[in-house]
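To start, the structure itself, in C-alpha cells.
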Ligand code: HEM
C-alpha cells in the first residue's frame, strides 16, 4: 500500500482516487486484519464445541450430522480443512441456498467469530489445509511481476488477465477477483472451490501464492489504470461497445446539430 | 480597401504566380463554386476522413518511440509498471510500455490512436450503411462504391496490423489465429504461413514486417484511395435527398466556399475533440494487463477489436468436427469455412450489390436523387439482412462476455447463435420489407387524406366527420416524388413462328429476380387519384389507380 501511495503522484483523478483509496484501505485493513485476529489462535476446545453446535444447526442437513457427507446432496467435509470452511463461509457460498450451476456468493451469514468456530470444528475432524496467517498473504511481501507470470499461466484462462472474471461451460463462471481478500485468494488456490483446480504447494509454492496476491492487489492500486476508466477491464469487446456509444453517439449528435443549423 | 497593403500585394503576387503557371485560379473557382447539399448523414464520411487524419498525426508520434523488434529484453527493474519489472519481453512490447509510462503524452497518443482506429472503422461502416440504404451507389457511382469498399478492407488490414504491433498476449493470440487460418488453406497453407512469419510461428520477423505494412503500405494505399474517392465525389457531384426543386439534373445546397469549408473545418475539430476526450479519460488496450506475448497462456476475454469480432464469432460458432485427413494431408474445413468462406461470401455480396441491382432493374439512367429507404423495400431488407448476419457474428464473438454479464450458459448462447445465423437474416429481411411497405401505405394515406386534426364536425344532417388538413406542397412532394418500379415483363419464349428466342433462359432468370425485388410494392399516389380524393370527399376509400404517370415526373438525366 505504501508503494502504491508513493507512485500515486501524477494521477488525473487524484481526489476521486484518494477517496477510493481511503475506502480500500479501510476495507483492506478490516478484511485482512479482522479475520486473522480471530483465526490465528482459534483451536481452543471451546471453539470446536461452539462450531459443532453451529454446524448441527446450519450445515448438517446437507453435509450429514458428523460432516461425513450425504450422497447426491453434499460432499464430505472430513479432511477439507479450516481453509475450505473459512473460504466457503466467509464469501457467503455456504450454507448453500439455491441449486444453481455453481454455489453463488450471497450475503455472509456468520460473524468472523462463528466462521472461525465452524472452521475449528471441521479441522478437528481430520487434518487439512489451515487458514493462512497474515504474513503468508501480505501483498507487500510479494513480487507482483512474478505473480503476473504465475497468474497468466495458471489462472488467466478462467479469470481473465487481470482477474475480471470469465465464462466456463454450462453456465458456470470464474468470478471476478476484484473484491476477494488476500486470505480468500490464498484459500481458493489451496482448496480449489468447485470447478477451480486445487493448486497445492508443490504446484504453486507459498511464496508464489503470495506473489499472485501481490499482483492481484496491484490491479486495485489507485494507479492500476493510468489510461483512465478501465471499462470493466474485459478488453476489446467493451472498448468496441463504447466507441459506438460515446464516439459515434457524440459525433452523430454533432452531425445532426450541424445539419439542423443550416435549414 | 483603396490602398493596397504590402501583405495583400504579396498574396496577390503569389496567387498570380500560381494562376499563370498551373491555372490555379480556374481550379479554385471551379472548386469553390461546387455546391454541397446539407444533411447530417452526409457528414458520416467526414467522420471517417477526420479520424484518418487523427490516425496519421498520432501514428507519426508513435513511430518515434515504438521499436519494431522481437529481440528479447528484460524490462528494467526501476521502470513502471511494477508488475512488469524484470519480466522477459520483446523490444516491441518494452517500447510500448516505455511509451505508455515514461514518454510524456505517450499513453495519451497511444489511446487516441487506438480510439481513432475504432472510430475510423465505425464511421466507415455507418457511412456505408447510409450509401447503401439511400441507393447512392447507383449509376454513375458504382465505382466509387467499390473504392469505398476497398478502403473498408484496407481499414481492416490497418487495424489488424496495428493491433499486432505491441506484441502483447492479445496481439499474439490474434497472430496465432491468423497463422491457423492461413494454414487451413489447402495445399499452399503451410508454405504461406512460413512465408508470412519467415519460418515457424511466431519467429522473429513478423513484427518488423507488420510495421512496414502498418505505417507505410496500408496508410499509403488508403490515402491514395481516399483521394480517388473525393475526386469522384467532385466529378459526380453530391447526391441529394428528394425534395421540392431537387432533381436528377441539379444540386441544391451551399457553395463549397465559404459555407461548407467553414462547417467541415469546424467538424474536424469536433471529431478531434471527441477523440482527444476519449483518449484522455477511457483506457484502451492496456497492454500491461495482458503481459508480453508468450504462446502458452490464453486469457478469458481474449478478443480482437470490434471490427474483427465477426471473424472471431464465425470461428466460435463453427462446430469442430469437419476436419479430415486425406492421404496424410489435413483438411481443416472447421477453420476454412468460418474464417475464409463465410466472410468471403458476405463481403462479396456487399461489393457486388450495386451491379446486381443494376442488372436486375435494367436501369441504365443516372441517379442523383436519393431513395428513401422505405420506397425500395427489397434493397432495404437485403441490407438489414446482411447487417443482421454481421451483428450475430459479432455477438457470437463476444459469447463469453455475454455469458458472464447476463448469467447465461455459454453453450446455449452458442447454439442459439448457430441457429440465428441462418434464421436471423431471413427474419430480418421479411420484417424489414413488411415495415417498409407499411410505411409506404401510410404515406399514401397521408397524401390522399391529409393530416388528422382531431377536430370532429357535425353536419346539420347529423353526420359526423373528422376534419383532415391537406398536406402542403412541400410535404406532398416528398411522398409522391419517387417513381414506381415494377417487375420486368418478359414476352413468350417463342416468336410468332414458334422459334425459341435466344437468351430466353437468361431473361427468365432476370425476371424472376426482378419479381423478387419488385412484385410486392405500393405505388405512389398519382395526380388522378389525388384529384379523385379531393373530388369525392375525404372519407371515401380510393383504390390504387392504374395510371402510370407520377405526380411530379423526374427527368432521368442531368446535363
Ligand atoms: C490507417 C489507419 C490506421 C489504423 C486503423 C491504425 C490502427 C492501429 C492500432 C489499432 C494500433 C494498436 C495501438 C495500441 O497499441 O493500442 C496501432 C499501433 C500503431 N500505429 Fe497505427 N493505425 C493506422 C495508421 C497509422 C499510421 C499512418 C501510422 C504511422 C505513421 C501508425 C503508427 C502506429 C504505430 C507506430 C503503432 C504501434 C504503437 C503501439 O503499439 O503503441 N498507424 N495502429
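Numbers here mean position along the shown chain, with the first residue as 1.
The backbone N, Cα and C atoms fix where each Cβ goes, glycine too.
Since the structure is predicted, the reported quantities are computational estimates derived from the model, not experimental observations.
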Range annotated as transmembrane segment - as stated in TrEMBL, picked from A:221-240, A:241-260
A:241-260
Take the transmembrane segment (A:241-260) and find every residue of the same chain, 6 or more past its ends, with a Cβ under 8 Å from one of its Cβ atoms.
231
Here the Cα-Cα span from residue A:158 (heme c 2 binding site) to residue A:62 (heme c 1 binding site), rounded to a whole number of angstrom, reaches 29
Binding-site residues (A:62, A:63, A:158, A:159) in Cβ proximity to chain B, threshold under 8 Å:
A:158, A:159
Counting across all protein chains shown, how many other Cβ atoms sit within 10 Å of the Cβ of residue A:62 (heme c 1 binding site)?
14
Distance from residue A:159 (heme c 2 binding site) back to residue A:62 (heme c 1 binding site), taken between C-alpha atoms, in Å:
29
Listed in sequence order, residues not in A:59, A:62, A:63 with Cβ within 8 Å of the centre of the heme c 1 site Cβ atoms:
A:55, A:58, A:60, A:61, A:64, A:67, A:70, A:73, A:74, A:77, A:94, A:95
Residue A:63 (heme c 1 binding site) to residue A:159 (heme c 2 binding site) - Cα separation in whole Å
29
When DSSP states are grouped into helix, strand and coil, how many residues of the domain 'Cytochrome c' (A:142-220) land in each?
41 helix, 4 strand, 34 coil
Which residues in the same chain, at least 6 apart in sequence, have a Cβ under 8 Å from the Cβ of residue A:155 (heme c 2 binding site)?
A:163, A:212
Taking the Cβ of residue A:159 (heme c 2 binding site) as reference, which residues of that chain separated by at least 6 in sequence fall under 8 Å from it?
A:165, A:166, A:174, A:175, A:176, A:177
